[in-house]
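Colleague: Look at TrEMBL and you will find 2-127 tagged as domain 'Cupin type-1'. Per TrEMBL, oxalate binding site is recorded for Asn25, His30, Glu35. Under the heading Mn(2+) binding site, TrEMBL lists His28, His30, Glu35, His74.
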Amino acid sequence: MAEFPALNGQSVSYAVLEYPAGSVNPPHTHPRAAELLFLTYGILEVGFVDTTNKLFTQRLQAGDIFVFPKGLVHYQFNCAESDFTVAVSAFGSAAAGTVSVPSTVFATNIDDEILAKSLKTDVQTIQKLKAGFEPKA
């Protein structure tokens, strides 16, 4: 609202997203809003998983629009090797919220054994994954 006060009280919000070459916005959800992404520059691979675990993907070019339904896991990946990408995302809520799947799973105190069983792997693998999410000293 500091940047665009007219949004105050309108139950909408937006974000300008810049993706360096080869970067990813990891799988995440917005529990309180759908997201409408408008690509203004570059190319971007996007995808979401529906409630039947079907993956929908699209490679966007500047001028394309994509909708991520409310609450579904989705991601964005700048597949360009040497160019950045810029997009504008609009949300149907002033407080869409963001839940990062990797951080939620590996940077919290969910028991290693529970994660290992859930992900059909071993505790050592879970501990290696968690180590990647520990705060840098």
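Each Cβ is built from the backbone N, Cα and C atoms, and glycine gets one as well.
Just so you know, TrEMBL annotations never went through curation; they're auto-generated.
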Colleague: An 8 Å radius from the center of the Asn25, His30, Glu35 Cβ atoms defines the neighbourhood of the oxalate site; name the other residues of that chain inside it, in order.
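Modeller: Output for this site, in sequence order: His28, Thr29, Leu37, Phe68, His74, Gln76, Ser89, Phe91, Ala96, Thr98.
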Colleague: How big is the gap, in Å, between the Cα of Asn25 (oxalate binding site) and that of His74 (Mn(2+) binding site), rounded to a whole number?
Modeller: 9
Colleague: As a test of reading the model: what is the averaged pLDDT for the domain 'Cupin type-1' (2-127)?
Modeller: 93
Colleague: Between His28, His30, His74, which of the binding-site residues has the fewest other CB atoms within 10 angstroms in the structure shown?
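Modeller: Minimum Cβ neighbour count within 10 Å, taken over the binding-site residues His28, His30, His74, occurs at His28.
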Colleague: Reported as an integer number of Å, what is the Cα distance between Glu35 (oxalate binding site) and His28 (Mn(2+) binding site)?
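Modeller: Glu35 (oxalate binding site) and His28 (Mn(2+) binding site) have their Cα atoms 12 Å apart.
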Colleague: Quick check: with His28, His30, Glu35, His74 left out, which same-chain residues have Cβ atoms within 8 Å of the centroid of the Mn(2+) site Cβ atoms?
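Modeller: Same chain, not in His28, His30, Glu35, His74, Cβ within 8 Å: Thr29, Phe48, Phe68, Leu72, Val73, Ala96, Thr98.
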Colleague: Quick one: give me the count of other CB atoms within 10 A of the CB of Glu35 (oxalate binding site).
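Modeller: Around Glu35 (oxalate binding site), other Cβ atoms within 10 Å: 25.
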